[in-house]
Amino acid sequence: MVRLNSAAGSRWWAPAMAILAVALSVEAAEVARYDNYRLYRVTPHSEAQLRSVAAMEQASDSLIFLETARKLGDRFDIVVAPHKLADFTETLESDYIPHELIEQNVQRAFDEERVRLTNKRAKGPFDWNDYHTLEEIHAWLDQLASEHPKEVELLDAGRSHQNRTMKGVKLSYGPGRPGVFLEGGIHAREWISPATVTYILNQLLTSEDAKVRALAEKFDWYVFPNANPDGYAYTFQVNRLWRKTRKAYGPFCYGADPNRNWDFHWAEQGTSNNACSDTYHGSEAFSEVETRSLAAFVEKLRGKLGAYIAFHSYSQLLLFPYGHTGEHSPNHQDLNEIAEATVKSLAKRYGTQYKYGNVYDAIYPASGSSVDWSYGAQDVKIAYTYELRPDGDAWNGFVLPPNEIVPTGEETLDSLITLLEESSARGYYDEKH
């Protein structure tokens with residue numbers, strides 16, 4: 001676990017408060033812009049360097065970490081506000097931390113995306129040629145239930161902090177089937193996640209491919225494309241890089257990380273107690289109504305769910321429990337072997353290479369996640385997290401071009417078939433119904 005250097009943290013705290021005050025105007029629906037924000041790739045090579053960078057992450061809202069500080073030798077990308085550039089580079093240079101300027105104006109990518117989406121609004125039906133708003137996704141789910149009343153049932157897991165519906169669907173071809181839960185969009189800025197989940201759902205419902213049909217009809221599917229509806233809407237309306245929920249924590253800070261808020265080894269590893277941090281774990285386990293509501297829904301399925309699959313981006317990883325400890329789970333060998341077969345299957349169509357492993361060792365310590373909770377608290381022994389395209393070398397991973405939505409969906413569905421076939425062959429769904 002990274003421990004913060006208090007001296008380094010204090011260097012960043014006062015300036016952070018200044019920029020947070022400016023953020024109050026953003027809450028009034030003024031679109032957040034990142035003009036002349038720069039993107040740096042930083043690679044700590046010593047424990048002292050890692051502590052220094054971690055202190056910046058915890059203390060300053062002037063910096064946006066696109067990935068959480070991890071292990072020595074890992075690269076991670078940091079968006080730097082113009083007024084903070086001198087302090088940021090001075091810290092890196094004084095601590096001899098290797099760094100590289102990747103992009104001089106982050107806003108450029110967001111402007112291109114916004115123009116494209118604005119043009120799309122005047123066009124045709126729901127498809128996977130571009131990304132969709134929360135309202136469009138919810139309307140499409142309503143349409144599925146209307147057009148396929150025998151197979152598709154609308155689900156309502158509750159209301160978000162801002163009173164949006166936690167909407168999902170159940171896809172079923174008959175009683176007595178084991179359940180598979182698909183969770184999308186728990187991190188707001190990861191747009192490829194809901195896009196992939198809706199693509200998979202559509203294929204399960206409409207594909208004539210024999211393997212897809214067999215998969216669709218073997219399980220009951222509980223599908224929630226947007227587990228963080230407030231945050232997702234906020235990325236379209238105000239701040240494209242928003243990650244958390246939208247609950248207010250004091251006058252300056254909003255939201256908790258909904259994938260650090262679940263009641264399984266909550267707040268132990270890889271989280272922050274700073275409410276302004278992107279990895280803030282919340283005031284208590286299930287402090288966020290979104291995680292609390294989704295957990296209550298899943299608890300009602302206890303004994304029926306055979307698998308819980310969460311979709312995130314980015315880095316091209318397939319991960320499984322645990323995140324709070326390096327100790328292996330009881331069925332670690334099975335999970336590892338299934339993951340190995342799954343990533344091989346994923347690579348066949350487009351050559352996309354994934355890595356795999358337990359969360360703690362493969363990427364970084366992270367406690368309080370939905371997948372760890374489903375595994376550890378709900379006894380769902382097939383529990384995986386996909387970190388979708390692109391790989392970790394891409395700085396603009398949250399702005400994945402729309403022409404990669406369908407390929408991402410195709411290869412992910414290929415791999416999901418293998419994942420569920422491999423786990424089924426090991427008997428994991430024999431008593432789930």
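Cβ coordinates come from backbone N, Cα and C, glycine included.
Other Cβ atoms within 10 Å of the Cβ of GLU387 (active site, proton donor/acceptor), summed over all protein chains shown, number 24. DSSP gives GLU387 (active site, proton donor/acceptor) a strand state. Residues or ranges marked as active site, proton donor/acceptor by Swiss-Prot: GLU387.
Of all the Cβ atoms in the protein chains shown, 22 others lie within 10 Å of the Cβ of HIS312 (Zn(2+) binding site). Classification of HIS312 (Zn(2+) binding site) by DSSP places it within a strand. Residues or ranges marked as Zn(2+) binding site by Swiss-Prot on the basis of sequence analysis: HIS187, GLU190, HIS312.
Reduced to three states, the DSSP call for CYS253 (disulfide bond) is strand. Swiss-Prot lists CYS253-CYS276 with the feature disulfide bond, giving similarity to another entry as the kind of evidence.
Among the features that Swiss-Prot reports, domain 'Peptidase M14' is placed at 130-423, with the record citing sequence analysis.
Marked as signal peptide by Swiss-Prot: 1-28.
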Recorded positions near HIS312 (Zn(2+) binding site) (Cα-Cα within 10 Å), from CYS253, CYS276, GLU387: GLU387
Rounded distance in angstrom between the Cα atoms of HIS187 (Zn(2+) binding site) and GLU387 (active site, proton donor/acceptor): 12
Additional residues surrounding Zn(2+), by Cβ distance to the HIS187, GLU190, HIS312 centre under 8 Å: GLY185, ILE186, ALA188, ARG189, SER193, ARG243, ASN259, PHE311, SER313, GLU387
Cα distance (Å, whole number) from GLU190 (Zn(2+) binding site) to CYS253 (disulfide bond): 21
